[in-house]
Amino acid sequence: MPKKSFDPCKANACKIQTCLKENKYQEDNCLEVLEQMRQCCIKFKSESLCCEGIDITKTYNISSKSKSLESEKKKYE
């Protein structure tokens, strides 16, 4: 029987799928989980199949998204 291997970033990959599904596939609403995946891949890229194809140089700037949302809210106050 083949030995099951542990993928250290699989849980993050599942979180991304859940977030995207819950947010109608709007990537901007899942920046935090995308950044968590990127961080995991930086650490475990050589050990994780889930990291194949992940661009670890692309950051998901969560703070700029938050600032943008705050600006939008102020427009309507």
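The backbone N, Cα and C atoms fix where each Cβ goes, glycine too.
Summarising the annotation, TrEMBL assigns disulfide bond to C9-C40, C19-C30, C41-C51.
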I'm trying to understand the geometry here, so how far is the Cα atom of C30 (disulfide bond) from the Cα atom of C40 (disulfide bond), in Å to the nearest whole number?
16
So of C9, C19, C41, C51, which of the disulfide-bonded residues has the fewest other Cβ atoms within 10 Å around its own Cβ?
C19
I need the CA-to-CA distance for C51 (disulfide bond) versus C9 (disulfide bond), whole Å please.
7
